[in-house]
Structures are given as C-alpha cells and as structure tokens.
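Working notes, beginning with the structure itself.
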Amino acid sequence: MRKPLVGINMKNYINTRAQTSEWLEATIPLLENFSDVDTFIFPSMGTLETTANLLAGTSFGFGPQNMAPEKSGPLTGEFSVESIIDLNANYVEIGHAERKNLFHEKTSEIAKKIKLALDEKITPVVCVGEEVHANDTNELKNALKKQIEALFQTINLAQWENVVLAYEPEWAIGKASSAETNYIESAHQALREIIRELGGDETLVRIIYGGSVSKENAAEIVRQKNVDGLFVGRFGHKPQNFADIVSIVSKTKG
C-alpha cells in the first residue's frame, strides 16, 4: 500500500532563515500525531541549511526546488546533487512549470535530472501536467503520455517505485480554485495507465495533486482512489493550515 504524502513548495515567498525557522518550529510539533503520512518541504534555496539543521532527527523530508543535470562542472548558478547528499536531503523538486516557462528548461535536461536523482538515491518529485484544460480523457491522457515518455525514457524500470509524480495542471497553478475532482482522478488514473504501459509497476508510484489546494477541497481530492496526497502552495504558509491538510489526508487515506 502506498503511504500518503503531503508536501509544500515555498518557492520564493519565505526566504530568510528567520522566517523558515519560525515556520518549521511552529509546524513540526503540529505533525507529531500523523506518522501515517509522509511530509516534505522544498524551502527557499537560501534556507536549505537552516532547514536541514531543524529537521535533523525528524521524519519531515526536505530538499531543493531544483538541481543541476550533472554532478559537477561549469554550471554557474545550479545546485549539485552532491550538495543535496551533503545536506542529508532526501527529496528534490524537478520540472516545475515555472522552471520551464521562466527559465526555459528543456525536457531533455529535466530527464537527466530525474535519472541523476534516482541514481543517487534522492527521491525526485517530478511535476507534470497539461498546459490547458483537456476536452476529454483521451486528450488528457495523450498530453500526459507525451510528457512521461520523454521524461522517463532513460530510467530503469525498477526505479519507478522511487519516483513521486506531482500532477499540477499548469492552468490550475496559483488560481482561486483547483481542477475539478473527477478531472483530477482521471489524470491520476491516466498516469498510472501510462506507467504500466511503459513497463513500470504503477501500484508502487505515489502520485500527488498540486494546484490551489486548500482545506475546502483537500478531503474530496484525496478521497479519489488514485490520488496519494497533496502538494501545497501558498495556503500552507500558515503552519496550522499545512497541519490541517496533513490531518485531512491522514483521516482520509491513513
């Protein structure tokens, strides 16, 4: 059985060591009774060491919001997987829509990052999702299949179980409301079908939903069979809000 998972991406909203410390010190105690749910945070890149120190000895996972496609070399401004390992981080966010749209990351580069993370035993949280709302399930599956085939063509089949897919339809990111619940379930089901068609064991892969997640929609979303958890954005900037989401997932999936 796949263990439920809730994560939060701080982007560049909570950027100082003091702010990050305040958030973590408030949040960690609120999660003590939810051992049936895995949690992780992608803090602002400048606060990774602070995060590592505060989360040492806890089950709260963390990692950077991006990483270089190579271990080392002339890659100015990138973040090496060697640094991730050195921090004892266990997750890395890869392929977020903002990385592709603002920084023009290519699919081939993202695929290399995924493979490198898996080879180095770091769990990649790989963001996938269509740019516009699909008209039907076939159109939705075809859009997702094109992405998955391009991103995962170089991984070993056994590595699939170490992948986390974050389904984030680009048209729902940062909006007032999430995608429709039945649409979300259709996308998650399609992703499992695609993994199976590529030879992976879809029953082992955790797929979480991200895009305007809140207390109001969390329970209905994670009640869906193929949804394993949630990827929270600005709603989780208040520690109690993040803890409430974890609680909802625990009650619904735990």
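Placed from the backbone N, Cα and C atoms, the Cβ positions cover glycine too.
So that you can see what the record holds, here are the features copied from Swiss-Prot:
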type	residues	note
BINDING	Asn9, Met10, Lys11, Gly174, Ser212	substrate binding site
ACT_SITE	His96	active site, electrophile
ACT_SITE	Glu168	active site, proton acceptor
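Location within the structure of each feature annotated in Swiss-Prot.
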{"residue": "Asn9", "record": "substrate binding site", "contacts (Cβ under 8 Å, 6+ apart)": "Phe42, Gln65, Glu93, His96, Gly210, Phe231, Val232, Gly233"}
{"residue": "Met10", "record": "substrate binding site", "contacts (Cβ under 8 Å, 6+ apart)": "Thr20, Ile41, Phe42, Pro43, Ser44, Gln65, His237"}
{"residue": "Lys11", "record": "substrate binding site", "contacts (Cβ under 8 Å, 6+ apart)": "Ser44, Gln65, Glu98, Gly233"}
{"residue": "Glu168", "record": "active site, proton acceptor", "contacts (Cβ under 8 Å, 6+ apart)": "His96, Ala97, Cys127, Val128, Gly129, Tyr209, Gly210, Gly211, Phe231"}
{"residue": "Gly174", "record": "substrate binding site", "contacts (Cβ under 8 Å, 6+ apart)": "Ser212, Gly233, Arg234"}
Mapped DSSP class for Asn9 (substrate binding site), helix or strand or coil: strand
Protein Cβ atoms within 10 Å of His96 (active site, electrophile), excluding its own: 26
Longest CA-CA distance among Asn9, Met10, Lys11, Gly174, Ser212, per record bound to substrate, angstrom: 14
